[in-house]
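Database features, via TrEMBL:
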{"type": "ACT_SITE", "residues": "ASP520", "note": "active site"}
{"type": "ACT_SITE", "residues": "GLU529", "note": "active site"}
{"type": "DOMAIN", "residues": "9-86", "note": "domain 'Cellulase Ig-like'"}
{"type": "DOMAIN", "residues": "101-541", "note": "domain 'Glycoside hydrolase family 9'"}
{"type": "SIGNAL", "residues": "1-18", "note": "signal peptide"}
Amino acid sequence: MIAALLLAAAIRIGGVGAAPLDPKIATIETEDRAPLVWRVTDTGGRVVLSGRSVPMGRDEAAGRAVHRADLTALRVPGTYRLNAGGAIGEVTIGRGLTRALARDALRYFHHNRAGVPIEARVVGARWARPAGHPRESATCFAGMDEKGVRWPGCGYALEVTGGWYDAGDHGKYVVNGGIALWTLLNMAERGRTLPGLLEEARWEMEFLLRMQVPAGTRYAFPSGPAVDVSGMAHHKVADARWTALPMRPDRDPGPRLLYPPTTAATLNLAAVAAQGARVWRTIDPAFARRCAHASARAWRAALRNPAVLAPDAFTGSGAYGDADVSDEFFWAAAERHALTRDRALRARLTASPHYRATPAEPGWPATAALGLATLAQHGDGEARARLVAAADGYRAAAAHSGYGVPVAGKTFVWGSNAVLLNRAMILALAADWSGDRTYRAPVVATLDYLTGRNPLGRSYVAGYGPDPMRHPHHRHWANGIDPAYPAAPPGALSGGPNATPGTEAAAVLGRCAPMTCWRDDARLFSLNEVAINWNAPLVWVAAWRDATEVPR
Ligand code: 9MR
């Protein structure tokens, strides 16, 4: 009985370790109301630090009562044991511990390239595979969609080889490709690049340029007469049907189709092509001009067709449908203004409600924060203030979280791990701009949470931390379904806990507190898929944590 009580506590610690001068918090899950005495011992069993835990009460997201133990004073690199309430955890202190994570997270994109062989010398023999969808030439969906609406074809095929597969499926979506690419290019623009980052970014940029509708194209959407869609971007190129799992991409038997152009995709192209034009301006002026030209065409096309939304009516791929594109207009205008300094764009930006509002964390349906980040990067104090206001909210939320993470609003949705990472990115920007180190703790805590400091005590990042994710919903890393296929490579991030996961996953999960609604199960795409827009902020945040770990 006594032993059972003692063992009731559990210690949760981040799996990548901590830098000597960084905040180091352990979460202790215990029903004990009073502070617990904790001790840190070194490998020789000597007590090097001790203290009392701070009871935080019941953490609603986790569904359990927690304490926090602050080990920040532990600064000497090494491996230690934390003892508290009868539970034991391992603490690692060292320099540069997040660097490998940042690089592996970036390698995720190489692994998921379409159109080229993925070679053993880059990814290791286990993950090497032949090229998927090389020489991909696709024409437009024509005929009846799932809702009985009839779509015309188009008189052309586009050569759309390349880019990255979106996620576990082999779709390539301009909306999601756009924000993922923005996140990587933003690192370059902020001078926090990684080896190989620009080459990887260019692989996607070139693909996005190919998705642009040729000049002189008229297209009759089901709802109206033919309109000029030249310069718009097709929403996606994808399989006509959902393909089976597992499915190595080179064995995909099905036809690939272009889906109708949308305003959101067009604005994603206008935005990232403008960003690309800035990033490549001195590195490759000719490519930068190509990007600038495509951005300008896309912008004009979006102004001509400002409300063409993506229908959720085609099987074989995700919808990425978004009823409000005002934030995409704001984002694209910001990127174009940073490129062109055009006065009319400036007026449009400052008149937008998105310029005045505290933004939501960025994500494919919400891109205002990306526009604000670019405006801030180019010296706009108002935009900076908006993002710092968002960071203030996240920092306050993290202070109340037993796990130190910026839990706010509907956090534990599909892709919750990336919701947290995108908040961490805003916190990191606020830390950079203000020099205020209190924004840093929740950024560090977010990576700790993802790698094991969470109520499941497991890491959502393959290859890192305790009992890491191995079996994502992915057609090639399908070891969870067929042992002949590889498990997830190091640095791949699971979408994470989803408290509203749909019927199939809900049946497997049963009742769960939001932070625990997760399984390492390849079938459960709503909580264990991987995706470019989730791994991109992991790269950003891990690289930031690495580059800034020693205070200046
Ligand atoms: O990440 C997307 C999530 O926000 C949506 O709720 C979900 C359902 O529409 O779709 C997710 O995106 C998926 C996309 O539609 C298809 N490729 C895999 C993506 C990640 O699960």
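A Cβ is built for glycine as well, from the same backbone N, Cα and C atoms used for every other residue.
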Query raised in the report: How many Å lie between the Cα of ASP520 (active site) and the Cα of GLU529 (active site)?
Result: 10
Query - Local confidence of the prediction over the domain 'Glycoside hydrolase family 9' (101-541), expressed as mean pLDDT - result: 98
Query raised in the report: So what sits near GLU529 (active site) in its own chain, CB-to-CB under 8 Å and at least six residues off in sequence?
Result: ALA167, GLY168, PRO472, HIS473, HIS474, SER494, GLY495
Report summary line: Counting every protein chain shown, other Cβ atoms within 10 Å of the Cβ of ASP520 (active site) number 21
Query raised in the report: With DSSP, how much of the domain 'Cellulase Ig-like' (9-86) is helix, how much strand and how much coil, in residues?
Result: 0 helix, 40 strand, 38 coil
